[in-house]
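Colleague: One structure coming up, written as structure tokens, with questions to follow.
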Amino acid sequence: MKLSILEAAALTAASVVSAQDDLAYSPPYYPSPWADGHGEWSNAYKRAVDIVSQMTLTEKVNLTTGTGWELERCVGQTGSVPRLGIPSLCLQDSPLGIRMSDYNSAFPAGINVAATWDKKLAYQRGKAMGEEFSDKGIDVQLGPAAGPLGRSPDGGRNWEGFSPDPALTGVLFAETIKGIQDAGVIATAKHYILNEQEHFRQVGEAQGYGFNITETVSSNVDDKTMHELYLWPFADAVRAGVGAVMCSYNQINNSYGCQNSLTLNKLLKAELGFQGFVMSDWSAHHSGVGAALAGLDMSMPGDISFDSGTSFYGTNLTVGVLNGTIPQWRVDDMAVRIMAAYYKVGRDRLWTPPNFSSWTRDEYGFAHFFPSEGAYERVNEFVNVQRDHAQVIRRIGADSVVLLKNDGALPLTGQEKTVGILGEDAGSNPKGANGCSDRGCDKGTLAMAWGSGTANFPYLVTPEQAIQNEVLKGRGNVFAVTDNYDTQQIAAVASQSTVSLVFVNADAGEGFLNVDGNMGDRKNLTLWQNGEEVIKTVTEHCNNTVVVIHSVGPVLIDEWYAHPNVTGILWAGLPGQESGNAIADVLYGRVNPGGKTPFTWGKTRASYGDYLLTEPNNGNGAPQDNFNEGVFIDYRRFDKYNETPIYEFGHGLSYTTFELSGLQVQLINGSSYVPTTGQTSAAQAFGKVEDASSYLYPEGLKRISKFIYPWLNSTDLKASTGDPEYGEPNFEYIPEGATDGSPQPRLPASGGPGGNPGLYEDLFQVSVTITNTGKVAGDEVPQLYVSLGGPNEPKRVLRKFERLHIAPGQQKVWTTTLNRRDLANWDVVAQDWKITPYAKTIFVGTSSRKLPLAGRLPRVQ
């Protein structure tokens, strides 16, 4: 029996798959929907259609295909259409700043933005990043990320995203996208979808670690979980107008992410109404015709393997149209989607060529780095793009600090007689802030994790530097020990300190780097570099120990968090270049901590449920990672199994106190939901396709080695493609309906950006009064949770939140709304969102378990 996406996977992640018939299955969905320019895309779509109508076939293909790894200045670069003034598009990492560049800022990670619970700061960070990317001549930022969502706390790249809660992630994901695109740069929502672990994400990478597999991991999930958890933030991204989506390395129900017709054609383009373009993750492109028909619009970096000179697109895409296996309208739609995104963000007005090289810091070099060909020219212009962004970086760093525990130790007065700064995490990397490639080591303070989701630091203020400056202002003594294994000296300093500030960390990152035996994903949730022993030593010698944790997510603290000599605990995440200043702002009370933990702190790793899949379980085939927990991850799981966390999702203390009161609920719209009906328009072809002789390489063209071109070597299409299987019957690899350009039925849940417009109609207005009952100004985050009812639903789920600044003694009324999507469940039979007949109850408070206010909602449909 095959398990369709409409059914829950029935195999455990640890079990050995016995037969191919037992594998999860992703049903096909064709044809690939064509853009129609609805909503805010209208003007950009019209301009895109106009320009694409003037292009030849090979010019369109040039837009869809990267030129190859290390062939141009950016990590990804498309071909150009110089005849029409369309430049090569530069695509560059990362979600927290410009990777492989210089004179750029290193922003806090997405997980820190989540800890602020601040929509405005999410937007400001996005806008600041977009400005830097634009100033460097980058057209497409490869970020932000909502995949991984954070299914497992030990997932290597969770920190690149926001939170395991889809609502918190979705809001901040969307605000980040708006900020980036308001700066004139195309944002990329990634990694789509179910990219929840690093193990087995790429075959070559896994084989390099000694695993005998021939296909990447398959993330197997049921339809309800897909919609209510993992697809949720991507719907918010589409609704925000995101220009690009990056498909992921993993398979989804045993179909590769970049050729999965259900996730790309049905969910993203048909149901959510995505109007931009889908690009592959780097070398996540596995076929030509199959990927094109399944919805992949752009191949990155263009070559099949790095510097191979071969491509599934390029010449082969041209051949596919000429021999009829790929309809012209499909390639036209690819080009229209790319150009529509380009025009939508106003890139045509802001475009400048890249003024840096990803491959060298030398000022001069060859135009084409890998083959050392082309003009020898200035490749790095050393343009400083930082502006005043250090201010927002420091602000986010401070506002994302979560005060987990405070027994009166904080804030510090600045008059402490002796301050001990203890732990390697307080100091500098001996190799320098950028001493490890892609931050692939854990030395010194952890302000950024590792992998392609990184940026070079322009500088890094360490906690030791910043705190020493504070102590010197008060004429105190300050002693630091940053060797975690010198417990004798640590004890000596702790014993004479008025307050001991202990800095510890836990790192993770992308799977292409192995750091201390962690192949991207964390091996465990313990502290790194002997961190537990440092804390134990200090608490034995100092009765005023404050622990600061820089980490990629939760760590196990059960052994020491309740120790009476641990008087304060702060989580500071990955705060970027202003790390030391940000934590000093909080420690010394210039900033009243208002961060809330965006994940749950459990007592053991087992508290979180299913472990990562770290051993192959399907022979040498695709490892099968079954998401049997469904929607029950993080706090939802803790609630389901009545697990008591150490610190619950949404928890965070302040230097003041708040009180919530006066819950009011008002029905503002009782209209019924109307599923979308009708048909789309027919697919359109723009321009005409000539015979093969029109697409031969131009005479006199000096070809660059390994460069990916769109032209033909010969009018003999088989000779041009170089594919030994060329000429196989179409029915063997072209799915039924895949080339059909006739009007198609609209899905019930479709109809607008993010889905059916009725989902976003506000039904209820909710208001609450928040009073600052303390003596200092501070920030509070009222959080609204909904119980959807039903026997198999989470106890409650987050739906709304707002960060508010409130003066002492002041009251503020927070007003929010609940729309239909907030109250609905995914109906796997109707294939639509439905508000079930079960009672709906709302809860408002300051964490997922501190919810003093509650109210029952009237029934709506």
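Positions of Cβ are set from backbone N, Cα and C atoms, glycine also.
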Colleague: Of ASN253, ASN642, which one does Swiss-Prot label N-linked glycosylation site?
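Modeller: Out of ASN253, ASN642, Swiss-Prot attaches the N-linked glycosylation site annotation to ASN253.
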Colleague: For the region 'Disordered' (735-754), give me same-chain residues lying six or more residues beyond its boundaries with a C-beta closer than 8 angstroms to one of its C-beta atoms, as numbers and ranges.
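Modeller: For the region 'Disordered' (735-754), the nonlocal Cβ contacts are 28, 30-34, 38-40, 235-236, 238-239, 241, 261, 266, 270-275, 293, 325-327, 329-330, 675-683, 685, 760, 830-833.
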Colleague: Could you tell me which of these glycosylation sites, ASN62, ASN323, ASN524, ASN669, has the greatest number of Cβ atoms within 10 Å of its own Cβ?
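Modeller: Per the Cβ count, the most surrounded site is ASN62.
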Colleague: Distance between ASN524 (N-linked glycosylation site) and ASN212 (N-linked glycosylation site) at the Cα atoms, whole Å?
Modeller: 23
Colleague: If you count other CB atoms within 10 A of each CB, which of ASN212, ASN316 wins among these glycosylation sites?
Modeller: ASN316
Colleague: With DSSP, how much of the region 'Disordered' (735-754) is helix, how much strand and how much coil, in residues?
Modeller: 0 helix, 1 strand, 19 coil
Colleague: What is the separation, in Å, between the Cα atoms of ASP281 (active site) and ASN316 (N-linked glycosylation site)?
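Modeller: Computed Cα spacing between ASP281 (active site) and ASN316 (N-linked glycosylation site) is 19 Å.
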Colleague: Given the glycosylation sites ASN253, ASN543, ASN565, which one's Cβ is surrounded by the fewest other Cβ atoms within 10 Å?
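Modeller: Counting other Cβ atoms within 10 Å of each of the glycosylation sites ASN253, ASN543, ASN565 gives the minimum at ASN543.
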